[in-house]
Amino acid sequence: MIPITSFAGKTVAVFGLGGSGLASCQALKAGGADVVASDDNIDRLVEAAQAGFITADLHSVAWSNIAALVLTPGVPLTHPAPHWAVLAAQAAGVEVIGDIELFCRERRLLAPDAPFVAITGTNGKSTTTALIAHLLRQAGFDTQMGGNIGTAILSLEPPAAGRVHVVEMSSYQIDLTPSLDPSVGILLNVTEDHLDRHGSIEHYAAVKQRLVAGVPDGGTAIVGVDDDFSATAAERVALDGKTVLRLSVKRPLANGIVVENNAIYRVTDGEREAIARIDGIGSLRGLHNAQNAAAAAAAVLALGVDREALQRGLRSFPGLAHRMEQVGRQGETLFVNDSKATNADAAAKALSSFEEIFWIAGGKPKTGGIDSLAGFFPKIRKAYLIGEAAQEFAATLDGKVDYEICETLEVAVPHAARDAAASELVDPVVLLSPACASFDQFRNFEIRGNRFRELVTALPHVEPVV
């Protein structure tokens, strides 16, 4: 835990008592603050009270006695409208912040020179965060990883000299961190997402930009420039006098980090210098993972990891569950769990990464269906359709891709395995990349992915991928 001493002797309200909210309560109390815990969910209020915290309805508190409102990222700060607790705090002149802001303030008090790596982007931020932490640990660094990736930041060990905090940040978390100042900041990409919470793509992009804009002098701001919004962010941050390390996996750069033929290069005034290779690394397959790997490589090199350690770390990276996770191999057939692909754009990244595909798709359909994936249809040997989207996807595939309506994973997995084995293709892939939400049959994509893994490992003669 990171005790938060910057509010010692003051009263702090915490609204939203999920994992990060309860961790904030504990950290503030440990640092000497008086905590008032609140939530719209009565069960969470009961849980907080049982944990020893004072609970209250913030409608009735004396805001003049409150030093700050710590808000969980899931509660609207601006769009579609500020939550009532936010409006009440703002009306009283009380600052509204999040748990990562508490971390930033404590770091400046305890160990201002301790490395702090912050990562954001519409896609790839979890993989990049996990990869950076893996590379640092493999190189012998004392490394703490948390934030949006799943572990509340205030549950980690405190900032200390020589200890690196690697933190994934969503746009919601950035919005709640006004003094964000990572020593290494990474913006991977910006595409349309979460517009219900930001109002427009322009506002969403501006929030993402703040992460790299906050990098202090002497730090490293890394920005992927393969989309227009991120490229604009790089220009704006550079105009403010910051040093920006641009990154591209799609085009040459005169200065920055580029990826070509599975090699990562540092380019200075047009001169290229190879820093790592990612060919043959199954967990980093695909152009999107090339961007993740290049950003991670640039980050750890900036922190002092040498190139030999970087290459060893890349080759030993196991990847993240449900993100092009290599579950097993049955003879020549590779089974890949990409359950995190809950829309067509995400599924495209997996479909672009393999050639002989036996595709398991479907679930609760998203707007737009799979029409945008037509360019990948020639790579799909057969599709196995599940869930509510099965009939809709069948209509799209009809006459273009052989398909079977399976309804469930329990039917789709053995049928796909049978057909892949009988195909006599070189390196066939049974790919779960649903292009759909999971909620028609599973509570979340993790449970869907876990079920796929169970079904695959229950098949005869399946071996782990090494």
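Note: Cβ is positioned from N, Cα and C throughout, glycine not excepted.
The feature ATP binding site is assigned by Swiss-Prot to Gly121, Thr122, Asn123, Gly124, Lys125, Ser126, Thr127. Non-local contacts of Lys125 (ATP binding site) by the CB criterion (under 8 A, 6+ apart in sequence, same chain) comprise Ile119, Asn148, Glu168, Met169, Leu188.
Other residues of the same chain near the ATP site, with their Cβ within 8 Å of the Cβ centroid of Gly121, Thr122, Asn123, Gly124, Lys125, Ser126, Thr127, are Ile119, Thr128, Leu188, Asn189, Asn292.
Cβ neighbours of Asn123 (ATP binding site) (same chain, under 8 Å, six or more residues apart in sequence): Leu188, Asn189, Thr191, His288, Asp345, Ala346, Lys349.
All protein chains considered, the CB of Gly124 (ATP binding site) has 24 other CB atoms within 10 Å. A simple Cβ count within 10 Å picks out one of the binding-site residues Thr122, Ser126, Thr127 as the most packed, and that one is Thr127. Sequence-distant contacts of Gly121 (ATP binding site), defined by Cβ-Cβ distance under 8 angstroms and a gap of at least six in the same chain, are Thr128, Ile186, Leu187, Leu188, Asn189, Val190, Lys208, Gly224, Ser230. Secondary structure at Thr127 (ATP binding site), taken from DSSP and collapsed to helix, strand or coil, is helix.
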